[in-house]
Amino acid sequence: MSRTDETEAVLREAFMWGTLVSPLAASRIAARVGAERLFGVGVLSAGVIAIMVPASWLTPCHVIIRIIQGIFMGAIWPAAHMIAVTWIKPKHVSTFISLYAAVNIGYAIVGILGTILVHSLGRDWLSYVISGSAFIWYFFWWRFIEESLQYNHPKRDEHRNLPWRRLLMSKPAWSCGIAVVGSQWADATLMLGVTKYLKLVYGFSTEYDDVLQYLPHIGHFFSAITFGIVIDHIRLSGMVSTTTSRKLVVYFSHFPPAALLFVLGYTGCDPTAPAALYTAALAMTGATSAGAYSSAADIAPNFAGTVFGLCQTVGAAGLLAANYTVSEGLHGSFAGWWRLVFGVSSAVLLSTAAFFMAFGSGSVQDWNAPGDIQPEMEAVEEPSRLESVLE
């Protein structure tokens, strides 16, 4: 089959299905085998399997490979959250979790260097370089990441003691997941839909494609880091509570992008305005890391991986729904349909943010208490070796 917009949508959807099925299971596996190990193996496996893409290009096997890559990539985020609450003191956790947005820098690098590589050496070499990079990264991860850096020590055999019923009945936990749905839906609409919208509706010149592939992602990353640092400072200063700070960040990560997305469909015939709105909206959604993502660590640090696994599972469902909506938009080139696509995304952002405003929290929940049940991570009084190095 030829590489059409429909084919790209199928491959994206395959990856998203992979990210949907793995996070919760991965969070429990990480509690048994160790978050560091699962994170390393997940990144390595997702990269190594890319070497099979050239031989399976645009065949059913290509779809299967994308599903497998999605499974491995979906597994690393709960492990990353367990690492966050294990390595990092609570006063720095927002900044650390904001580093998750570095994945957008990866998108930008692949967009820039990948284009050069494909044009100079051919399409297959992109897969080979990705696989080789994964091997090199994993060597350094395996060689230098030590569990002695932990300020909490993992209890590898505590995976059976998760309070599932209380977790699934927790409004703060679900508020994190629902806020992630809004953020993921908006990111998917922005990254998948806006460039297509500019081409189909306004005939946006392809010479600007590269700019739209990296500039918004760079803005997203630096926005995430800025919000993380500022929110940690505000929390430490005592200006507002952790709960208030998380709700404030969710406001910034959802309400302004919702307004920008809505306006994007009514910007007239000049494609420069929607391109600028796209860049600004994607930058603002970077605040999600310091908001809903960090709240998942606040409310249950002993079970941060599992709570975030729930968030990622629910968020992946939002990704799939957004992918379907954007894919339907590809069948038409009239502005009215795209206004509906952007309007739905705005409504999702507003409604999910409202839910977090009502039920979100930055306080540790009672079902996290060590005296209630055995935690994944049992805190000790020893200072963090990582913190000692940083100070």
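Cβ from N, Cα, C; glycine included.
According to TrEMBL, the features are:
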TRANSMEM  38-57  transmembrane segment
TRANSMEM  63-85  transmembrane segment
TRANSMEM  97-119  transmembrane segment
TRANSMEM  125-145  transmembrane segment
TRANSMEM  173-194  transmembrane segment
TRANSMEM  214-236  transmembrane segment
TRANSMEM  248-269  transmembrane segment
TRANSMEM  275-296  transmembrane segment
TRANSMEM  303-324  transmembrane segment
TRANSMEM  336-359  transmembrane segment
Recorded stretches the transmembrane segment (125-145) and the transmembrane segment (173-194) touching, at least 3 CB pairs under 8 Å: no
Touch test for the transmembrane segment (97-119) and the transmembrane segment (248-269), at least 3 Cβ pairs under 8 Å: no
Per Cβ pairs under 8 Å, the stretch of 173-194, 275-296, 336-359 packing most closely against the transmembrane segment (303-324): 173-194
Long-range neighbours of the transmembrane segment (248-269), counting only residues six or more past its ends (CB under 8 A): 179, 182-183, 186, 189-190, 194, 202, 227, 231, 240, 277-278, 280-282, 284-288, 290-292, 294, 335, 338-339, 341-343, 345-347, 349-350, 352-353, 356-357, 360
The transmembrane segment (336-359) in contact with the transmembrane segment (214-236), cutoff 8 A, at least 3 CB pairs, sep 6+: no
Residues of the parent chain within Cβ reach of the transmembrane segment (214-236), under 8 Å, 6 or more residues beyond its termini: 91-102, 104-105, 107-109, 111-112, 190-191, 242, 245-246, 248-249, 252-253, 278-280, 282-291, 294
